[in-house]
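Novice: Please find one structure pasted underneath; my questions will follow.
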Amino acid sequence: MIKDMIASIEQFAQTQADFPVYDCLGERRTYGQLKRDSDSIAAFIDSLALLAKSPVLVFGAQTYDMLATFVALTKSGHAYIPVDVHSAPERILAIIEIAKPSLIIAIEEFPLTIEGISLVSLSEIESAKLAEMPYERTHSVKGDDNYYIIFTSGTTGQPKGVQISHDNLLSFTNWMIEDAAFDVPKQPQMLAQPPYSFDLSVMYWAPTLALGGTLFALPKELVADFKQLFTTIAQLPVGIWTSTPSFADMAMLSDDFCQAKMPALTHFYFDGEELTVSTARKLFERFPSAKIINAYGPTEATVALSAIEITREMVDNYTRLPIGYPKPDSPTYIIDEDGKELASGEQGEIIVTGPAVSKGYLNNPEKTAEAFFTFKGQPAYHTGDIGSLTEDNILLYGGRLDFQIKYAGYRIELEDVSQQLNQSPMVASAVAVPRYNKEHKVQNLLAYIVVKDGVKERFDRELELTKAIKASVKDHMMSYMMPSKFLYRDSLPLTPNGKIDIKTLINEVNNR
């Protein structure tokens, strides 16, 4: 068990100073370098005399200097707000307006001119590193101090800044490095794919730094070139893969993504969106010896609150895979619309309690009051997810409360429709979306479909293909759930975080 994230990193700087902490296509940085660089940057930040414990926005990609700056800010007592280089200017402005950071550190060129907030460039960070200033940690982030603040998309379009404290982070990290499901080895070799602005990134960097491992990052130019990206990934000596299931689906478009070509890859950690039976089955075919761990949890409960190793038996017997056993320190409950706790097997809203629950949204008391509360004497959070608990305390996922629609008199869960379509042996990926009329009522259901290789060639017309897909799922799909129109695509759009961009598809079919 670790008691201080920075102390853990500092220990490895003493015991394995020359061991790589970061590797970007062979360009390496060691634990000793991370200690020296973060000390120097922390001393530089202290010299700026910022307001104590004020948040600092850090703009960039998955580079070593981002990592060193994060560690430096933690040492100097400031929470960091990671903002990805691909963020839209409007979003960056909204984050700045809400967070009111005391400083902006631009590891990449900053796209905006902001009055009233000092900006530190990469050249200044490089100069600070060259100064090699010693640093004594007297006011580092600890306890309930904010460690990082990650902005998620709000339902109104306004981002919400989730405050994660040092204690929140320790609750998650200690569970992950000790839980048998994750089976994290010492000195883990982790793929660092999700951007730092997505809290799934914490699932790779926190256990890696806590156990003295190496992060294998990818340059941002490579991420845009999918063919080259997966050719490169196949050559990396990574042992643990952390991503959304959608990113793994994309990886499986490459024939090189298999156990024969990547024998070191033994663990897959999934979170951020639902892991489908179809994706898990394909992964077992590609990596017969691998462990597949399905984790679940909102950003507001520090990355994940439950996890389970997916077995072949689960893939054969479940239509929706279980999302795990809740963390021991985070009692998880199912409640009805009146807030009453439901019994095992009953479906309702998933709420999480315990020390991993955030203190709320930064500078947003109204939204905080809506989502955060106290349950059985512990801090609690409304996930907005539908689920149930089995008698064995396994959490089952039932979709999103806000992705439920009323259609033809039936209440339909969009993710359930997508799941059913994904059961077809002809479908590689499917998403159901509603089309609304002028009265904002659901007019009909549509489905975006990506078929498996070679399927289209078997049919002369799309109409015949649609009939065949419908026939392949009709035995386990209610007729009222069947989309009236299928739209075929070569791929589905992804958000910067690697999730299928359902909102873009909904806007597309509704001409928004």
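Glycine is no exception: its Cβ is also placed from the backbone N, Cα and C atoms.
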Novice: Per Swiss-Prot, which of ASP144, ASP385, ASP490 sits in the ATP site along with THR152, SER153, ASN294, ALA295, TYR296, GLY297, PRO298, THR299, TYR397, GLY398, GLY399, ARG400, LYS499?
Specialist: ASP385
Novice: Beyond ASP199, VAL303, LYS499, what residues of that chain have CB atoms within 8 A of the centre of the D-alanine site's CB atoms?
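Specialist: Other same-chain residues near the D-alanine site: PRO194, PHE198, LEU200, SER201, VAL202, MET203, ASP271, GLY272, THR299, ASN497.
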Novice: Excluding near sequence neighbours, so keeping only residues 6 or more apart in the same chain, what lies with its CB under 8 A of GLY398 (ATP binding site)?
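Specialist: Spatial neighbours, sequence-distant, of GLY398 (ATP binding site): ARG320, GLN347, ASP385, ILE386, GLY387, SER388, GLU413, ASP416.
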Novice: Tell me, how many other CB atoms lie within 10 A of the CB of PRO298 (ATP binding site), whichever protein chain they belong to?
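Specialist: Step by step: centre on the Cβ of PRO298 (ATP binding site), count other Cβ atoms within 10 Å, giving 22.
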Novice: Determine, using Cα-Cα distances only, which of these binding-site residues is closest to ARG400 (ATP binding site): ASP199, VAL303, LYS499.
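Specialist: Going through ASP199, VAL303, LYS499 one by one, the closest to ARG400 (ATP binding site) is LYS499.
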Novice: Give me the Cα-Cα distance between VAL303 (D-alanine binding site) and THR152 (ATP binding site), rounded to a whole Å.
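Specialist: That separation, Cα to Cα, works out to 12 Å.
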Novice: Note down the number of other Cβ atoms within 10 Å of the Cβ of ARG400 (ATP binding site), including every protein chain shown.
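Specialist: Excluding its own Cβ, ARG400 (ATP binding site) sees 16 Cβ atoms within 10 Å.
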Novice: Let's check the environment of ASN294 (ATP binding site): how many other CB atoms sit within 10 Å of its CB?
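Specialist: Counting Cβ neighbours of ASN294 (ATP binding site) within 10 Å gives 25.
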Novice: Which of VAL303, LYS499 has the fewest nearby Cβ atoms, counting only those within 10 Å, among these binding-site residues?
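Specialist: Ranked by other Cβ atoms within 10 Å, the binding-site residues VAL303, LYS499 bottom out at LYS499.
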